[in-house]
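Here is the structure we will look at.
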């Protein structure tokens, strides 16, 4: 893939890679307290997204090198070795353990390598564009990033930014999925409650139907009886008019 193609262009004797390894070797001899401080420094929630940064190991390291590095670092920050600060040591140990497990997963490791490579490519592309502009302006085509250490720092910053952006997007997706699951669950509960109310209404309706029918029949029977017992209305007959007789 793209990473392999580029990696082949930068042999293990590349001066830049050698410099990175020297820096990692220097940092790897930090004391227990210094390692804990490094792993829990402000912004560590984003710094520690890069498992290679957590373990201070090169992405090209072999599985055996990775295993050895994990053992050495995990022992260094283990709570048992830092009984004067066990809580922070535990957090640091968890960060190291998580990074190691991520790199044991081929898919997770490839994702991390791709992010690092994308950061490197971005810096290289940006440098190329800047030099084009300098050439166009007739200015010397020298950049700070031409210095290996400055280039490493630029790649480091860009890589950290990419890891942070991916983590933010992941959290947004997770929050969205959680919201959708919550909404679906609420709809499911509402549907179940509505069905329950309908069943209860139907049950009550069936249970009281005989009573309603009996009440209606009693009502109708009462009306009929009242009608039969009702006396016919009597009307007063007008007096007969006597015809006046004439003599």
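Any Cβ shown, glycine's included, is placed from N, Cα and C.
What TrEMBL says about this one:
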DOMAIN    50-117  domain 'J'
COMPBIAS  172-215  compositional bias 'Basic and acidic residues'
REGION    172-247  region 'Disordered'
COMPBIAS  224-234  compositional bias 'Basic residues'
| query | Helix, strand, coil residue numbers for the domain 'J' (50-117) per DSSP? | reply | 54 helix, 0 strand, 14 coil
| note | Helix, strand and coil residue totals from DSSP for the compositional bias 'Basic and acidic residues' (172-215) stand at 44 helix, 0 strand, 0 coil
